[in-house]
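Everything below concerns the one structure shown next.
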Amino acid sequence: QTGANDLQTKADRLVQMSICASLARKFPKVTIIGEEELSTDEVTEELIENGHCEEILKKTCPAQYTGIKEEELVIWVDPLDGTKEYTEGLLDHVTVLIGIAYGGKAIAGVINQPYYNYEAGPGAVLGRTIWGVLGIGAFGFQLTEAPAGKHIVVTTRSHSSTLVNDCISALNPDSVIRVGGAGNKIIQLIEGKASAYVFASPGCKKWDTCAPEAILHAVGGKITDIHGNSFQYNKEVKHMNSAGVLAALRNYDYYASRIPNTVKQSLVP
């Protein structure tokens with residue numbers, strides 16, 4: 001008898017093994033940090049991805065990145081973001097996150113939604129890949145701003161608490177959307193379904209925020225912890241974003257200025 005959690009763990013491990021082994025083979029000197037602890041077993045060839053995306057190679061590399069050495073990059077991988085939702089069949093919440101950091105900053109990211117369009121019926125194209133690089137932009141979706149004058153907050157679906165809810169109440173939102181996955185929440189912002197992503201809790205990790213941060217920043221948005229500190233992604237950094245998350249595509253300052261001090265005092269960076 002295997003439960004949903006066993007399924008999830010197996011899916012997580014296989015996806016991470018595929019991503020990490022494929023990257024390590026092509027870029028042996030980069031540091032790769034993934035959510036799952038992987039065994040050092042030999043990876044089977046069918047898990048290795050050798051292809052590359054022509055569309056990306058047509059873009060010109062921003063000048064500030066042309067001199068980067070492979071060993072200076074850190075890649076943060078979340079093989080299955082929105083795990084709880086995955087096991088409950090809410091497949092549109094699920095994303096695969098690959099973030100690339102240089103000098104401690106998120107500079108490029110991929111958010112893959114493997115089940116995008118899964119409810120659209122036969123003939124619909126299943127899945128999509130959103131990607132972005134600072135200095136180039138972000139692609140694979142239609143950038144849309146949330147309705148003007150509306151304050152729509154997207155937050156956690158499965159990790160609610162008094163602190164999380166107090167923080168949201170203080171923002172006096174017109175509406176609150178509760179969805180799973182950090183990648184999915186950033187998609188809500190860049191597609192105009194929400195105006196702020198607020199999570200006053202320490203549950204989020206660096207592999208949850210690195211890829212979404214790069215994509216959000218590439219289109220002029222901003223993400224920080226609840227105190228307004230930017231996230232660091234160098235390989236020595238602790239994995240937990242212990243002071244929560246605050247993000248917006250536009251009007252970040254409006255939301256930042258309304259975070260209560262009681263909430264800030266409860267969340268230590």
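Quick reminder: no glycine exception, Cβ is built from N, Cα and C everywhere.
The feature Mg(2+) binding site is assigned by TrEMBL to GLU35, ASP78, LEU80, ASP81, ASP208.
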Since the record lists GLU35, ASP78, ASP208 as binding-site residues, which of them has the fewest other Cβ atoms within 10 Å of its Cβ? GLU35
Which of LEU80, ASP81, the listed binding-site residues, has fewest other Cβ atoms within 10 Å: LEU80
For the recorded Mg(2+) site formed by GLU35, ASP78, LEU80, ASP81, ASP208, which further same-chain residues have Cβ atoms within 8 Å of the site's Cβ center? VAL77, PRO79, GLY82, THR83, THR95, VAL96, LEU97, GLY181, ALA182, GLY183, LYS205, TRP207
